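Written out below as structure tokens is the structure these notes cover.
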Amino acid sequence: MALRCPIVSVLGHVDHGKTSLLDKIRSTRVTQREAGGITQHIGASEIPINTIKKVSKDLLGLFKADLTIPGLLVIDTPGHEAFTSLRKRGGALADIAILVVDMNEGFKPQTIEAINILKQCKTPFIVAANKLDRVPGWNSKEGPFILNFNEKNQHPNAMTEFEIRLYENVIKHLNELGFDADLFSRVKDTTKTINVVPVSAMTGEGIPDLLVIISGLAQKFLEQKLALNVEGYAKGTVLELKEEKGLGKTIDAIIYDGIAKTGDFLVVGNPQGVLVSKIKALLKPKELDEMRDPKDKFKPSKQISAATGVKISAPDLDNVIAGSPLRIVPKDQIENAKAEVLQEVEEFTILTDDEGIIIKADTMGSLEALANELRKVKAKIKKAEVGDISKKDVIEASSYASTNPLNGLIISFNTKVLSDAKAEIEKSDVKLLEGRIIYKLVEEYEEWVKEMEELMKSDEINRLTKPAMIKILPNCIFRQKEPAVCGVEVLYGTLKIGSPLMSEDGKKLGYVKEIRDNQQENIKEAKVGMQVPVSIDGNIVLGRNAKENDILYVEVPEPEARKLHHEFRDELRGDEKEALSRYMELKQKIENNIFWGM
């Protein structure tokens, strides 16, 4: 059975050495003078099995490994972004992943996010415990780790420190996340235990071990998945859309199954459904020593087979989206391919809610990953699309906010904000969160929701009628009615302009028209302990239905009293709580209803 190269993706936290490790893997060769070694594809690097065998010859005998895969195809762009963007039906495009962890720092938020994404996509992975050279006292040198891991080459203190860091910073965290894990040389059952391979992207130590372990695991457990369909048409995923001088818009893609030929038809997903376009050229990069003229970087291929990276030149590619599924087929297979691609596009469709926020991302896979992480924190999503932020998006978000301020948000993952959208945001109440790291965007979303809920709570409290008790001061009646003017003391709560007043027997007296301070300046409210002159408009006639030393209450409608009592009691000051309690007791007595306000 013919096997294709396993597709390998590299994930991990920022600054834990993903790019350095990838660079080290890509530069793998037997000697500096050896030509080639690594074949550079579009968007990926192929490490031939012969190169792996040569750099790992001492290990293959040790592990009794007989590698039959043609090599490894390592995706050039590290990180979650690339991993989530590169999807195919049934999960991730990558067959297997390398999770990079700084063995001196341990797990970080993005490490955990990477593991969650790998679990979600059911992608097997090994752990590269990087920065081995920074373990105190460790004598790190290029070559296999396993041949350097002994007391002949390492000081006993360095060996002890290594074991502590390996366990405390890597294995223990994996255990806490529900994985059995161990140093790769101690793993007895690879179906149950995660292999941890110590490496140094700086010195190159452990790179041969890493290549052997990942090749062996891929061959052993993914054989059916790696079976090459030598007769079938090509299946792949769009990496990105690129403008190339002399070619116009081109697609960079990873082909994971089948064979493609020049003159075949490209069938690819786009926002309108499916695009069909006749292929003008299938292009591969020239070797570095051929790249003398940057305008002449590519060479045409009559035929390509999986797994490979390829640049596709064809007409009408403007609306193709990164992460879209594609097929390359002869004319008589176009309809079958269209049905397949449509089905895959529909599987990427994100279920939306009746109300919620807008999310935008640069690729279908990224959009799906962002939506999944937001769902975990109970976010409601009204609209989820691939593409730049437009003025229309902002107008829609503004209309969503009119019914619920928590809906007035756009989250943008790795997309541009068009100039007219920026202008619209500046004059609207819409919040925009932008970023390139999903977990940070989710954290920012949670912080924004918390702030908005506090603001909304504050606004709602301010709209409610606040409880207060006041006493009419003796010798301070200045006018009996229309409006009545007198001096009062605020006993409990806050007296505000517009507050409705009632007597102790429940009679409506009117509402507070004006409050003045001691300098006779108008003020909006008087707090507990203040003595102020007030004017009261309504039924009140001082000396008849309200007299000196009488206690008056701000009349709080029952639904508002209930809200204050149940939802906002903790937000009230002590004197406001007292005013509310006394008012509710009075109303329960007047209404002969012990449940009033409860």
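From the backbone N, Cα and C atoms, a Cβ is placed for every residue, glycine too.
Annotated GTP binding site per Swiss-Prot: 12-19, 76-80, 130-133, in sequence order, evidence recorded as sequence analysis. Around the Cβ of L132 (GTP binding site), the number of neighbouring Cβ atoms within 10 Å comes to 26. Under the DSSP three-state reduction, L132 (GTP binding site) is assigned to helix.
Swiss-Prot lists 3-225 with the feature domain 'tr-type G'.
For the region 'G1' (12-19), the DSSP-based tally of helix, strand and coil residues reads 2 helix, 1 strand, 5 coil. The region 'G1' annotation in Swiss-Prot covers 12-19 and is backed by similarity to another entry.
What Swiss-Prot records for 37-41 is region 'G2'. In the predicted model, residues of the region 'G2' (37-41) average a pLDDT of 48.
If you look up Swiss-Prot, you'll see 76-79 marked as region 'G3'.
The region 'G4' annotation in Swiss-Prot covers 130-133. Listed by sequence, the residues of this chain that lie at least six past the ends of the region 'G4' (130-133) yet keep a Cβ under 8 A from its Cβ atoms are 12, 16-17, 20-21, 100-104, 140, 145, 162, 198-203, 205-206.
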Task = Within 10 Å of the Cβ of D15 (GTP binding site), how many other Cβ atoms can you find? Include all protein chains, please.
result = 12
Query = Given the binding-site residues G12, K18, which one is most crowded in terms of C-beta atoms within 10 angstroms?
reply = G12
